[in-house]
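Student: Let me give you the structure first, and then I'll get to my questions.
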Amino acid sequence: MTTLSTLNKFKKDGTKFTCLTCYDAMFARMMEKAQIDTILIGDSLGMVVQGHDSTLPVTVDDMAYHTANVARSNKQALILADLPFMSYVTLPEAIANSRKLMQVGAHVIKIEGGSELCELVTMLAQAGTPTCVHLGLTPQSVNVFGGYKVQGRGDEAGQKLLDDAKAVVNAGAALLVLECVPAELAKAVTEAVAVPVIGIGAGADTDGQVLVMHDMLGMAHGRTPRFVHDFLTDERNTEHSIEGAFALYQQSVKEGSFPKEQHQFS
């Protein structure tokens, strides 16, 4: 079974690892067969499962339901689960909501933000709840950003993101996710912190990669993000199957053939 210790060893050894979003039992079993290292029950389910145009309407109960479905069905992957929008504004509610997700099978709780999360990260760590802090493009803040845009461009913004990463790691964060940031910045963050860093639209130099499952199967609604590759229709997926797409993703990340330059931002 993949644990945080496994991911830390991967980072130390320079071994890349994989993460995919998942929301139900059947796909969780397929990912176990493909040996996907980590699974994220993301609040992206608001868009790809519930049909909303953002992640904002997702509730803690929604997250708990889908986390339980996945955790029951995959005993090999490290399970990450999102705390959804406005569910961790105060420390008491953050702790209560984290407990709810951990009790149904999450191993790590993912939260979005920067150095303002330090107190929460420390409290959760002291309570035995590992956290993954999501930096860069944070979808729960889409209205603040004015849309889904690359973050961390320019010296000031890049330094702010790097400082935030160091701060939350010093506070006790066990993992980081970097979304839609310049590849060179993602590399700098990955080298600057001791914990594993997972990238999405953040270049090839992060320790791990994550994609939304529906996107990497060519099921994206609307415009396909630049950082996505369709592994289902890839000619190397000789089975032309979902299981084959998961296995090809796992292989491609491990061998370093994904992501390529066209999947990253400068």
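Cβ from N, Cα, C; glycine included.
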Student: Among ASP43, ASP53, ASP61, ASP62, find me the residue Swiss-Prot lists at the same Mg(2+) site as ASP82, GLU112.
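Tutor: Only hit among ASP43, ASP53, ASP61, ASP62 in Swiss-Prot's Mg(2+) site, alongside ASP82, GLU112: ASP43.
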Student: Out of ASP43, ASP82, which of the binding-site residues has the smallest number of neighbouring Cβ atoms within 10 Å?
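Tutor: Result for the binding-site residues ASP43, ASP82: minimum number of other Cβ atoms within 10 Å at ASP43.
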Student: Any idea what the Cα distance is from ASP82 (3-methyl-2-oxobutanoate binding site) over to GLU179 (active site, proton acceptor), rounded to a whole Å?
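Tutor: Distance (Cα to Cα, whole Å): 15 Å.
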Student: Taking the Cβ of SER44 (3-methyl-2-oxobutanoate binding site) as the centre, how many other Cβ atoms fall within a 10 Å radius?
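Tutor: Excluding its own Cβ, SER44 (3-methyl-2-oxobutanoate binding site) sees 21 Cβ atoms within 10 Å.
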Student: Here's one to test understanding: among the binding-site residues ASP43, SER44, LYS110, GLU112, whose C-alpha is closest in space to the C-alpha of GLU179 (active site, proton acceptor)?
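Tutor: Nearest listed residue in space: GLU112.
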Student: Neighbour count, 10 Å Cβ-Cβ cut-off, for LYS110 (3-methyl-2-oxobutanoate binding site): what number do you get?
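Tutor: Here the count is 23.
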Student: Starting from the 3-methyl-2-oxobutanoate site formed by ASP43, SER44, ASP82, LYS110, give every other residue of that chain whose CB sits within 8 Å of the mean position of their CB atoms, in sequence order.
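Tutor: Residues close to the 3-methyl-2-oxobutanoate site, other than ASP43, SER44, ASP82, LYS110: THR21, LEU40, ILE41, GLY42, LEU45, THR55, VAL58, MET63, ALA81, LEU83, PRO84, HIS134, PRO139.
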